[in-house]
Every structure is written in structure tokens, then in C-alpha cells.
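Heads up, the thing below is written out as C-alpha cells.
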Amino acid sequence: MSLLNPVLLPPKVKAYLSQGERFIKWDDETSIASPVILRVDPKGYYLYWTHQSKEMEFLDVTSIRDTRFGKFAKIPKSQKLREVFNMDFPDNHFLLKTFTVVSGPDMVGLTFHNFVSYKENVGKDWAEDVLALAKHPMTANASRSTFLDKILVKLKMQLSPEGKIPVKNFFQMFPADRKRVEAALSACHLAKGKNDAINPEDFPESVYKSFLMSLCPRPEIDEIFTSYHAKAKPYMTKEHLTKFINQKQRDPRLNSLLFPPARPEQVQALIDKYEPSGINVQRGQLSPEGMVWFLCGPENSVLAHDTLRIHQDMTQPLNHYFINSSHNTYLTAGQFSGPSSAEMYRQVLLSGCRCVELDCWKGKPPDEEPIITHGFTMTTDILFKEAVEAIAESAFKTSPYPVILSFENHVDSPRQQAKMAEYCRTMFGETLLTEPLENFPLKPGMPLPSPEDLRGKILIKNKKNQFSGPASPNKKPDGVSEGGFPSSVPVEEDTGWTAEDRTEVEEGEEEEEVEEEEEEESGNLDEEEIKKMQSDEGTAGLEVTAYEEMSSLVNYIQPTKFISFEFSAQKNRSYLVSSFTELKAYELLSKASMQFVDYNKRQMSRVYPKGTRMDSSNYMPQMFWNAGCQMVALNFQTMDLPMQQNMALFEFNGQSGYLLKHEFMRRQDKQFNPFSVDRIDVVVATTLSITVISGQFLSERSVRTYVEVELFGLPGDPKRRYRTKLSPTANSINPVWKEEPFIFEKILVPELASLRIAVMEEGGKFIGHRIIPINALHSGYHHLCLRSESNMPLTMPALFVFLEMKDYVPDTWADLTVALANPIKYFSAHDKKSVKLKEVTGSLPEKLFSGIPVASQSNGAPVSAGNGSTAPGTKAKEEATKEVAEPQTTSLEELRELKGVVKLQRRHEKELRELERRGARRWEELLQRGAAQLAELQDPAASCKLRPGKGSRKKRIVPCEETIVVPREVLEGPDPRVQDLKDRLEQELQQQGEEQYRSVLKRKEQHVTEQIAKMMELAREKQAAELKSFKETSETDTKEMKKKLEAKRLERIQAMTKVTTDKVAQERLKREINNSHIQEVVQAVKQMTETLERHQEKLEEKQTACLEQIQAMEKQFQEKALAEYEAKMKGLEAEVKESMRACFKACFPTEAEEKPERPCEASEESCPQEPLVNKTDTQESRL
């Protein structure tokens, strides 16, 4: 955690970008080329260009997906444009001057902005540096204050021809409520007419912040501020802010030595940064407005910034990582119809994906160029070489770590396969890994190389020919028809066995058995089952044999048909990869989850969507990540919830496309069951509490909104989804939700869990959301900037939330944890509670309901057969009549300590304090006004001053700071104006006091009613639970008694068989024992039932008495509050006169002589008078 020093700083804009450069912008569709000046604003928010007509166009840097220069940039197709740029001349240098910016809301809806510079190589620099700004992790994860600053920057750049900010731009920027925008502009003394304009000099950052505070007030932050600052003070001191940061904004699980708490000098730096008032900065004080901007700053980011960069160990074997993977990458729409595009390979790789899929099919004459398409569907084709070229360009723009090309090869032509291999070798060059690394040979038991070892490399996943002899070009593979298309008989898949295996007799025999079993299984399948299997797998089951050229490119990622987990463990080859449809993977996960996890510790697996997902929808990847599956492939063109989760999680670790699995999913000596509900070894479970407090600028319309909070993790994790109520009004600017926190009590593996927070309109329309891994969250108050469905940052919408994370502690150990944290405090409180309980109950029973023991012989000797008929039920009766501890009900003292009651009392105390503070302030205002009116009757130089006293929570009244010089005419005789002023002020003070005391009385009566109702509600809940527990215990004890009596019956029968061997005698004695047993059980049950009924009656009597006591308390406290009110009303007249005398004693010397008092001096001592303040008032609200 780095609260005071953010790990990642925002990107820096190079000087030449903000100064601008001349370009020609061209568009192929319109065939128009126009000169522009291209710039980036100094803060790096916008790329914008200005036409000769002074018209400006903006492009948000967060929407930029790629920049390209040279041969990878767009080339004009229009002949008119080609002539403009002299492209048909042989010595043309167009490729050295051009660059293209690609932007769009998702990977499919793209826009290409094409620019040509006047100088060579300028476009290259612009392309590289603009992409660096767009890809910087803090561009998309900026603080709330940064996103608000973006609005100001744009307003100041969109100027009218006169160089002013049009007011209509404000209405366009904040369209939800025009009246509120007008009111906020008026509050800042700015023009508000639609056709008006504002001078940029009149709208600096300070005015903009005031405008935002007027447009979007933050009462919820004011409440937080009030709870931590000095009472009745409009500021928070440095010490209070330090306490707030260390208590609320700091993760309580952190070690205080390794991560020391905030220090006052660090907090002073925060005050210097965020406090708008210079005077407060000098005094080390933070105002409520400063608090708002502090909570919007980067120091309070909801994310741990270090998780955004590469922070994980990248030297582990490749199969120890989750790998960002794509399915049918070339598709832009559905699986059955729609266009295919090589551009998708670029976009997917730019998003951080490290495994893309190429479905290769044989090209048609005359070119016979291999193509990529979805076989046997209506999707369009793209050339294989175009896809390879796109991959070569974009493979390592976002991440330097290895890219895996997953080939689904249906090209049955050796010549076309050779052409494919040649394209790969030529276009990928040295980045293509064709031979195993020296330290990681392809041998059983050897681990895979790490992402760091394979840095900058491209790996091919394709069938590998295991025979040393070259493939015959004239021989057609099995299962391929003359027309070149696969026949209905699927080609046998490679099992990943090497030529080395075939020299071993035992393994060879084993292979034959496996093949025979597969053939038998295939023969036993009926036609419908075969069709179903093919529909689930798509065309993956119809791959053809790999010929030598393609086979030679395969090394660490060799596909193999999955036989069984045992078979794979026996082979122990880490370079073998099996692919599963989501259905097959789910079946394996359901039947053998722990074996699946162990399999993924050793080698890699790939999961892909079932073939029936024609709409390109996705399955939830979480279940397969839980099993450790590395390549969980999804359809990147569909931005549904599974894809959103995938993109959100792989944004972390530097968007490298690799996330290190947890230790227990990597170590062979650890066992992990994804369906476990218990504690997992070496993992500390986490408890997460989230309170959704408010939202800001959620929608462009005035609508009611709600928030959904959802947890993704293991099946054994707690409740998955919560939802707030609808916002009270159709207010999308600053809605507030006053609800209890949502608690996820026991998150078993935080490293495998993530939190989704989504905002919806009343009708369910999506507004924005955010998905964040649990281990990347910070505790405290945070502004959560929302994202679109395609994970693009939204500038305006945000949520204000409170997060609290702590280590999970079971309820049974909660007291022990508290005791260990603060032993002295815990045992002191425990002793006090014990004393109170003893006073109420007289003793402290160890158990509320003790079990009813069944009597047994003291010496433990077996019962003889002759004892079976004597005194039936006597011992059972003795057992049933043994003394049972009477159950106790919850006492009044315990009810008062319940969380719900305590919380309500604290709220009431706060309300009373606020009421008293307002009354005291009104009293003081009346006295100050009277003093000011008196001053008007005197010389201006001799005015009476009032100042707040020190050392008090409330403001006290001090009569004067200086001796008042009274005019001669006032001393010689009473002035009627002064007397009228005195009478009027006395009457106002009397009315104010009566009104204040009535308000306090009414509020206290209301508080008493609410607290009594709360106690009654909790008491009834407790009592219902007590009765239920009592009945359950009674049933358990009865069953236990019957079991013991049954065991005694069997002991008697066994003892009897040892005494006599006569069958007739044995039957007779057995009947006697059984009859005696029945009588004993009946007597014991009857006696126990009577005892328990008596105890239940006593328990119900105690509960009724408790409820009556609670009801009686209401009347007592109402009477007490009324008595206090009457006493205060009686003393109000004297209190008013005393306040009047204290304030005007210097102005009325006659009164001062009648009641001598120490003269008023300009001292630091405060006046002893404290109007309307009763120090015990706040305590009296507690029952």
C-alpha cells in the first residue's frame, strides 16, 4: 500500500506533442485531404487537430487502440488521393511520412484517422509516443480528480470564434439537469444564458471546482468529515486527518513496521495539495471542500497501483500461469455468418491476448493461397498471410511475453502447408521459436520454459508428425476425399507419442490397446451421438495430419488427444496440451476436480466454447480458472459478462497476458479441491464489506438508479450478489443510497476472486461497471470510476464506496482475536460484564441447557438377568428427575449492548448534539445582533465585540474585549431606545430558549420511543431464538436418553446370554428385559417432558417480565425528560437575564452596581455563561 506516495505517476507528454505538427489528414471514403495542425494537450487527455477554418476535432486518448506507421499504416485507395501524394512515382517517400490512429469503443467498431506529415519519420515518432500515452496504465486507471480535470480541459479548448467558452457547452457536458447547471453557474457569478459565453480567464480551476461543488454537492462526505473533525469547527485538524487516514484509509492487515502509518508531516503535504484556503493550509487545517478533493485524489485510489504493472514472478514454467486466450479470433460477429477480419488479430493482441486461433483451410485455384475461415459456415474468408502479417505487426506492442498461435489445421495439401510454414518463417523471423531451448529439452519430467525465457517469441500449436521420414506429397491423408474436403469419418488424432516411445515394447502395446479402445468406442456410437459430439467440438475434431514443414515449427505446445488423467500422469510430458470444449471440461471438473488441478500443475490445457454457441456468446471462465486451466479461450468480439471479467482481470500485471497461479495450484505437494468449503492450506480467507454510498453524474438523463455488487470466485465462497434499492428520486447527478454494507464473509481464496460493481437504470439499462480482483483492492473510502461494457473508461460516471477488508475469523474465535489484539481492554470489559450478569442471574451457569444424563451402575458391572424385573423405571425416573439448570433469557443489560441498540443510541446522541449546537449558535447570533444594534447608538469607535471562548465544545459568549466608552447623554439618563432594544432582545431570547427546550424534549421523546421499539424488536428476536434453541436441545436430550437406555437394554441381553444357555429361558428373560425397558423409557420420557415443560414456562415468564420492564422504561424516561424540560423552563428567565446582564453590563453601569462583578477585560478567559448547553444531554439519550 502506498497511500501517500502513489506507485505509478501519470504519463508525461513530450513537448513536441503539445507544440503540434503540421499534417495532411485524408479520408478514403470522401477522397478529401486537408491540412491540419495535430496536437496533444499538455496533460495527455486528448489528441486533437485544428483545420484551417479553426474547427477542432477531438479524440480521447483512452479511446485510442493502436497507432501505425510506414507499411502498416493505411494506404489511400482513391486515385485522387494517390495523385495528391504522388504515390505512383517510383521515388515516392509516402511510407516514411504517414501514420494512422485507430480508435473505437470496442474491437469491432473501429475508426481510422490517417495523417501524412510534411517531413520524413515524423509520423513514426508520433505513432510511438501517442500509443505510449494510450497504453500507459494510469491513462485508463486515473483518479477521479483526473477525470474531472479532463472535463475542464475540454471546456477550455472548445472555444467560440471570439475565444470564449460557450455556455451551451456546459449544458451539453452536463445534460441530466439543466436547471441545476444554471443554478451552479449563477452561484459562481457566471453567465447562464444559452447564447452567452464565458471568458476563460474567469473560469480558472478554483471556479470550476466551486461550480462542481454547487452542481454536485456531497452531503455524504460532509457526514464523514463531521464524524472526524472537532465539534462545531468548520475544519479538520492535521491530527484528526492523520487519525482518519490511519483508521479508515489504511488496510488493517498491514504490518505497521513494514508499512508505517501516516505521519503528521506527510498529512501536512496532503493539506498543502488539496486545501483551497491558504489560511487553513498555514494552520494545518482541512475544510470540507478540501476533504472532497482529497478523497478524489490519486492517494485514495481504489486500486493498488503496483498490481497494474508487472509485479509477479515471470520465471515460473509456462503452465503455472493463466494465459489470456481467444477463440476463433478472426470472427467479428456470429459463428455461423458474418465477416472475418485480419484486423481482429491486431485488436485482440493489442488488448493483451497471448493465444490466438487460426482455422486454416485449403485455398482454391488458381492462387491456392491458404485461407482462414470457420469451416462449413457462411462466414467470409481472409488470406492466411494477411492474418500472419497482422500478428507479426502487433504481437508484442502491448506485452513482450510469448504469443501462442493455436492452429486448427484443415489444409490437406502438403504444398499449401509448406506455404503456410514459409509465411510463418518469413514474417515472424527470429521471433518464431522453431527449436527447443537448450535448458528445456522435450523430455518426460522436464518443465516448460518460463514466459521470461520465451520473451519476444512466437510458439506454434499444431499437430506434430512424430515419424522421422518425410511426408509423401502424393499420399492423401486418411479421411480426405478427392475434392480435398474431409469426409464424414474423422481423422485419427495424434496422441503425442514420440518415435522414442515406439521403440519401447510396453508403451507400444499400450498404444495399440488405446487405439483399439477408441475404435471400439467410435464403433459403438450411433449417428446422433456422433453428430452431437461434432456439434460440441465444432470442426476441431476434423483436423488433418501435419506435414513435415508445419510439423517442424511445433515444439513446446504439442496438441494431444486426452485419454485420462492417469495416462497423462504416467506420460509426464509437460509439452503436451489437450483441448476441451466447455462441456467436456465441466464434466471432468465435476467428476475429478482435484485430478484436473493436478493435471494443470504438470501441463497445459485449453478450454473453448461449445460449437452450438452460434451467437458467439461466452461461458463463465471462472470455473475453469478455479481448476487451474491455463488457456480459457473466449470470443473476444462479444462483450458479454464473461468477456468483461476476462478483460478486467488481464488488465493487471502490466497487461502482460500472463497471471501467475496461486502457490497451491502450482506445487505438487499441495492438494486443492475447487469445490471446497473449508479452509484451504496456506491461504488466509478474507472478509470483504462494501458500502455503496453515492454516485456522481451516472447518466445523461434524470433517472432512478440502483447498484449491483457481485462476487466471482470459488463455489464455496459466500453469497454472490447483492443489490441496492432504487435511488429515492430521479437524480442521476448525485444520488445517495443509505443502506447497510454488503458483506462477503468468507472469501476462501482472495487471489481467485474478483468483485463486480455495476450501475443500472430503473428499467435495467446498463450504465457502467467495474470488475477488480480482490487482492488489488484498497480499504477505505474511494471513488470508483466506471467502465463501459468493453472495459473503456467513462469520464463522468463514478460511485463513492467504502471498502473494508480483513482476515476472516470464525465466530467461535472472534473473542479470542479481540483478546489477543488488546488483552487488557478485553479482560477489563469481560470482568465488568460478568459482574453485571451475576447481579441479574445470581450465578453464571456453564451451559444454558445441560444434558440429562442417564444413570449407570457405579461399578460398571454387567446387570444380571434377575434384575430385569425389579422396580421397572426406577433408575430411569432417577435419571429424568436429576436437576437441570434453568434456561436464562437475555437481560436488559445485554440487550443494551446489542449492536443495533448501540448504533441507534449513537445516532440519537449525534442528533442531540447537533440540535444543541444549532440552538447555541442561534442564541449567540441574537446576542451579537443586540450588541451590534447597541453599537449603533454609541460612538463607532466604542463598539462591543463578541468572541468565541476557548476550551469548550460549544461557543461561549464573552461580553466584551475592551472597555466600552459610553456617551455622556447615555450616562446622564436612560435612553428609551436602549430600553426598547433590551426588552426586544430579552423577549427574543426567551422565545428562542423555549423553542429550543421544546425541540430537545420532542426529540428525546422520539428517541425514547425509537429505542424502546428497537429493544422490543431485538428482545423478541432473541426470545424466539431462545425458545427454538430450548426445544431443539430438549429433543436432542430426549433422543440421547433413549439411545443410552437402548444401549443398557442390549448390555442386559448380552449379560443374560452369558448366564444361561437354555433357549427357552433366554427367550423368557429377553421378554422381561424388553418389557422392563419399555416401562423405563415411558417413565423417563414422561418425567423429562414434565421437567422441560416447567423450565419452558419459567423461561417464558422471564421473557414476559423482560418485555414488561422494557415497556416500563419508556414511561420512566419520558417522565424524566419532561421533568428536565420543566426545570429548564423555570430557569430560563433567570438564564436570559444573566446573559443580558453579562452582555450589556458595560453599557448599563447602574445594573453593574446593583450586582457587582469583575470588570470585563480583554483576557483569554471565556465567559462562564453557557446558554442552552447541558453536558449531560447527550448521555441522557442512552437508555
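In case you wondered, yes, glycine gets a Cβ from its N, Cα and C as well.
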Task: Candidate from E275, E289, E408 that Swiss-Prot assigns to the same Ca(2+) site as N328, E357, D359 - done: E408
Open item on the list: For a three-state summary based on DSSP, what are the helix, strand and coil counts in the domain 'PI-PLC Y-box' (550-666)?
Closed with: 45 helix, 20 strand, 52 coil
Open item on the list: Within its own chain, what residues at least 6 apart in sequence put their Cβ under 8 Å from the Cβ of N328 (Ca(2+) binding site), listed in sequence order?
Closed with: Q335, E357, D359, H374, S616, N635
Task: All-chain count of other Cβ atoms within 10 Å of E357 (Ca(2+) binding site) - done: 25
Open item on the list: Please report the distance from the Cα of E408 (Ca(2+) binding site) to the Cα of H327 (active site), rounded to the nearest angstrom.
Closed with: 11
TODO: Run through the Cβ atoms and count how many others sit within 10 Å of the one on H374 (active site).
DONE: 23
- [ ] Grab the pLDDT values for the domain 'PI-PLC Y-box' (550-666) and give me their mean, rounded.
- [x] 95
- [ ] Using DSSP with the three-state reduction, classify E357 (Ca(2+) binding site) as helix, strand or coil.
- [x] strand
